[in-house]
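Quick look at what Swiss-Prot lists:
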DISULFID  CYS106-CYS226  disulfide bond
CARBOHYD  ASN64  N-linked glycosylation site
CARBOHYD  ASN209  N-linked glycosylation site
MOD_RES   SER537  phosphoserine
SIGNAL    1-33  signal peptide
TOPO_DOM  40-262  topological domain 'Extracellular'
TOPO_DOM  284-292  topological domain 'Cytoplasmic'
TOPO_DOM  314-336  topological domain 'Extracellular'
TOPO_DOM  358-367  topological domain 'Cytoplasmic'
TOPO_DOM  389-401  topological domain 'Extracellular'
TOPO_DOM  423-449  topological domain 'Cytoplasmic'
TOPO_DOM  471-475  topological domain 'Extracellular'
TOPO_DOM  496-551  topological domain 'Cytoplasmic'
TRANSMEM  263-283  transmembrane segment
TRANSMEM  293-313  transmembrane segment
TRANSMEM  337-357  transmembrane segment
TRANSMEM  368-388  transmembrane segment
TRANSMEM  402-422  transmembrane segment
TRANSMEM  450-470  transmembrane segment
TRANSMEM  476-495  transmembrane segment
Amino acid sequence: MAVPVPLGRFGSFCLRLLRLLALLELLVHPVLGRVHHLALKDDVRHKVHLNTFGFFKDGYMVVNVSSLSVNEPEGATDKDAEIGFSLDRTKNDGFSSYLDEDVNYCILKKKSMSSVTLVILDISGSIVKVRSPPEAGKQLPEIVFSKDEKILSQSQEPAVSSNPKDSEARRTLDGFKAGRSTVDSKAITERSFSIHKNDGVVSFQFFFNISTDDQEGLYSLYFHKCSGNNVKPGEQASFSLNIAITEKNPNSYLSAGEIPLPKLYVSMALFFFLSGTIWIHILRKRRNDVFKIHWLMAALPFTKSLSLVFHAIDYHYISSQGFPIEGWAVVYYITHLLKGALLFITIALIGTGWAFIKHILSDKDKKIFMIVIPLQVLANVAYIIIESTEEGTTEYGLWKDSLFLVDLLCCGAILFPVVWSIRHLQEASATDGKAAINLAKLRLFRHYYVLIVCYIYFTRIIAFLLKFAVPFQWKWLYQLLDETATLVFFVLTGYKFRPASDNPYLQLSQEDDDLEMESVVTTSGVMENMKKVKKVSNGAVEPQGSWEGTA
C-alpha cells in the first residue's frame, strides 16, 4: 500500500500563513455598524459615497456635520468650487443614472432633478440651501434643519444648529412636525437655512424621516465638490470633513434588505451542521473506504456552520444597537477565514486527485496551492478591511476592487487541477489498456468541473446580478441564493466522492501509483528486487487498521 507523503515545506508554509492571518484578524477593529463616523482630511475627490440604506415607513436618518472646511492652495484657480450633499432615492441597488454622466458633470448646478434632493453649502455666507424636486410630489421626505418631535421619540434629541430664514421654511417645518413629510409640488422648492461658522469651519445637522409608504426606498447619501472649469490638478481645492450618520428602521438599525439576515444565517447554519453530521455518519459506516481528504471534507460544513452562527450574532447586535460587539465580530472574521481557506484547499485537492488517484502532489500541483492559498488569504484580508472601513474612505474602493479581482483569480486557479486531471485520464484511457475504469473517472471529473463552474457562476455572477435587480427590501435573496448554492455544492461534491467501493473515482489501479512513485523506486537500491503486487479494489484487501491510519 502506498503511504501518503507529508507536504513538507508546503505544509509549514500554510501553517505560517494561517498564523499570520489570525494575527491580522485580531488587529482589525470592526466598524461601528449602522452608526457611522467618517473623518476626511485634505481630500480632493469630486464625489464621495457616504452611505446607502433601505428605509421602511417610520425609518429615519440623522446627519451631523461637526466640521467642514474647504482648503484652497496658494495660487489656486478653483475659487468657484461648490460643495454640498445629494440624497438619491431608488427602488433597488442599481446605479443612479445622474452619477454615471460625464466626469465633469456637477449635480449641484442642476436646478431640478427627479428623486434627488440637494443640500448646497455657501460657506462664505454661512448659508445652506435645500433644493427639492418639485416633480417628486410625495415621493421624497423633507430634509429638516431643526429638531423633530417624531424622531425624538426614537433617538437622542438632535441639537438645533440652524434656523429658518424665511416664512416658507417655517411652514414646511411645521408641516413636517405634523407628520406631513412630503414635498408639495406647488411650493417653492428651494429653502435657505443659517449654519454655524467658526474660523472658516462650518457645522450643522439635518435629518429626515419616512412618513408614508410611498417614500420607502433605497437612499444614497453623497458628498460633492464641484470644481470650476479649466482647473489644473495641482490647483484643486481640497476639503476636510468630519461627519456622523445614524440611520434606523422602526425596529432595527439594519437596512430594509438586511433585516431577515440573522434568521437566514441561523437557518442555513442548521442545514450545514445537519449535512456535516450525515457525512460523519457515512464516514464511520464505510471506514474501510475513507481517505484523509474525506475527513477534510467533513470539517468544511461544520466550519461553515460556525461562520454563519457568528455572522448571525454579529448582525443581531448591529440590528439591536447599531454596532457590533467587537469580540463576536473578530470571531466571525476568523471562522470566515478558515472556511474560505478550507473550501478552496479542499476543492483543489479533490481536483488534483490527492489521496484518491495519487498520494503525492506533483510540483505542478504544489504551485497551484502556492498561488491559491495566498490569493485566498488576500481575498479574506480585503473582505475584512471592507467590513472594517467606512464606505466613504479613499481606500474602501481600492480594497473592494481588489477583492473582486482576487476572488476571480482564485476561482480560475482552482479549475486548473481539474483540467489537468481530465487530460491525464484522457491520455491514460488510450494507453494503459484500462479504458473502462479511466473513462468512468474521466466522466466523473468532467461532472466535477461542471459542478465547480456552476458553483462559481451562481455565487459570483447570478447572485451579484440578483442583488442589483430585486427591490431594496428583497436584497437578502442575494445571500439566500449564495448560501443555498454553497450547500448544494457541498452535498453534490460529497455524493460524487463519497467513500464507496463502487465509486469509479475510488477504483484505483496500482499503475496509477507507480506512475507517481516511478522516480522514487528506480533511484532506491534497497527496493531494486521488489515485485509489484496488483491491488484488486480500494481497501478491499487491506486490513481495516491500515485504512484507519491513513484516514
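Cβ atoms here come from the backbone N, Cα and C positions, even for glycine.
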Tertiary contacts of the topological domain 'Extracellular' (471-475) (same chain, 6+ residues out, Cβ under 8 Å): 54, 56, 90-93, 216-218, 255-258
Sparsest Cβ surroundings (other CB atoms within 10 Å) among the glycosylation sites ASN64, ASN209: ASN64
Nearest of the recorded positions (ASN64, CYS106, CYS226) to ASN209 (N-linked glycosylation site), judged by Cα-Cα distance: ASN64
Stretch contact, the transmembrane segment (402-422) with the transmembrane segment (368-388), Cβ-Cβ under 8 Å, 3+ pairs: yes
C-alpha spacing of CYS226 (disulfide bond) relative to ASN64 (N-linked glycosylation site), in angstrom: 22
Number of other Cβ atoms within 10 Å of the Cβ of CYS226 (disulfide bond) across all protein chains: 19
Residues in the topological domain 'Extracellular' (314-336) grouped by DSSP into helix, strand and remaining coil: 19 helix, 0 strand, 4 coil
Structural state census, the topological domain 'Extracellular' (389-401) (DSSP three-state): 8 helix, 0 strand, 5 coil
Where ASN64 (N-linked glycosylation site) falls in three-state DSSP terms: strand
Which same-chain residues, if any, lie at least 6 apart from CYS106 (disulfide bond) yet have Cβ under 8 Å of it: GLU82, HIS224, CYS226
